[in-house]
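Annotation comment: TrEMBL describes 21-40, 61-83, 95-116, 123-142, 189-207, 228-249, 296-326 as transmembrane segment.
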Amino acid sequence: MAGAGAAAGIGVHGFGQGAPFIYFLLGWLFLPVYMSSGVYTMPEYLRERFGGQRIRVYFSFLSLLLYIFTKISADIYAGAIFIQLALNKTSSEGLWTSILILLAIAALFTITGGLTAVMWTDFVQVIVMVAGAFVLMGISFAKVGGYQGLVEKYPYAIAEIQALDLNNKTCGNPTEDYMKILRPADSGLPWPGILFGVTILAIWYSCTDQVMVQRTLASKNMTHAKGGCILVSWLKFLPLWIIIIPGMASRILFPDRVGCADPKQCTIVCGNPNGCSNIAYVELVLTLLPAGLRGVMYSVMMAALLSSLTSIFNSASTIFTMDLWLLGRKKLSHKEPSQV
């Protein structure tokens, strides 16, 4: 999100502005049905609701494929970039080494800890992460001259090599509506898509996806589950201020790195010829924070990445075990599901 903010302003927040409404749907409409049915997974609920095993197996395979090609791949890439920059590595060898380290740690954490370990570490790290993010936001605002300075300077945060290119003056430049969430229908983030298309996707993602729903299913009772939904709804207001806007500040402070648009220059900076906006938040952490707080943010960011990966691994293993593995097992020992 910080990278999207650095590239195009606050419009990306449109994807999360309807989150409070969506989480209320989860807590007050979807979750009572899930908990009363006594299911462990979403494919299992579809089996209970519509009957037959085909829809259960189909949705299980679909969920696993989506986890691999969307969630896991994105988290691994983000974590690898962070490790690569933190260790000052620029080669592809450093990137692949970082990916292997992330996978190994996440797998070990998931196997030994399970969902309980994931939830407790999330509880601790979110407090530290939000506190550190607010500190980083304050430092970023101070460096760019406050909110007014950010609004005034962001349109001119252009890489020097791009500013001198008289043949292509617009490539890589910030958009004119960078401070608007709802943008024209012909823009890159059209308002009909934000209001209607994203809402439909958000209902699927937050109310029917195993990774999101499993935490509410693990609640002690309905009151705890609804309380969690309310808390998450409030927390969803924070990313605009502690992630997206600092990403914009990062482009102002490091235009030649975060705002690069020339493929050769971007390859030198981050190894990606398509742009380096994804390093926006990491640049702030590495450059602006004092040594002690920087170390804390290192730990928290890595913990957040690992927590995301372990949540996905845990959900995937639950779906694989409960909805696929057990279907072909007539004689089942008591320990086998946990071992699988």
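Cβ coordinates are placed from backbone N, Cα and C, and glycine is handled just like the others.
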Distal contacts, the transmembrane segment (296-326) - CB-CB under 8 A, six or more residues away:
40-44, 56-57, 60-61, 63-64, 67, 71-72, 75-76, 78-79, 82-83, 86, 102-103, 105-107, 109-110, 113-115, 117-118, 121-122, 125, 128-129, 132, 136, 210-211, 214, 285, 289, 332, 337, 340
I need to check the long-range neighbours of the transmembrane segment (123-142): which residues 6 or more away from its ends have a CB within less than 8 Å of a CB in the stretch?
149-150, 235, 238, 241-243, 245-246, 249-250, 253, 284-285, 288-289, 293, 296-297, 300-301, 303-304, 307
Same-chain Cβ contacts of the transmembrane segment (189-207) under 8 Å, 6 or more residues past its ends?
8, 11-12, 14-15, 17-19, 22-23, 25-26, 29-30, 181-183, 213
